[in-house]
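Copied over from Swiss-Prot:
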- Arg20: active site (ACT_SITE)
- Asn38: active site (ACT_SITE)
- 5-92: domain 'Acylphosphatase-like' (DOMAIN)
Amino acid sequence: MSRARAHVVVSGKVQGVYFRSETRDQALALGVTGWIRNRTDGTVEGVFEGDREMVEKLVRWCWQGPPAAEVSNVQVEWQDYTGEFSGFKIAF
């Protein structure tokens with residue numbers, strides 16, 4: 001099993017639409033660890049770790065987000081897996 005880490009920044013109408021909580025729910029269902037947070041510039045940022053296939057699924061999900069979201073871009077930086085997370089949290 002190949003492990004992966006993705007640092008993502010999601011742009012568009014992504015705050016105030018339950019993007020963070022829905023991403024957490026998706027991550028937990030996929031067995032992906034990490035965090036997600038709102039940024040002051042209106043984007044949402046996250047770090048996802050786990051099985052490469054599951055991390056890729058979560059990144060693809062970010063392109064749609066929850067029903068009220070209007071995603072315009074998902075920036076992804078693939079990084080080395082660290083295994084530093086034990087769960088998935090909404091960071092503040």
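Each Cβ is built from the backbone N, Cα and C atoms, and glycine gets one as well.
Taking CA atoms as the reference points, Asn38 (active site) and Arg20 (active site) are 8 Å apart. In this model, the domain 'Acylphosphatase-like' (5-92) carries an average pLDDT of 98.
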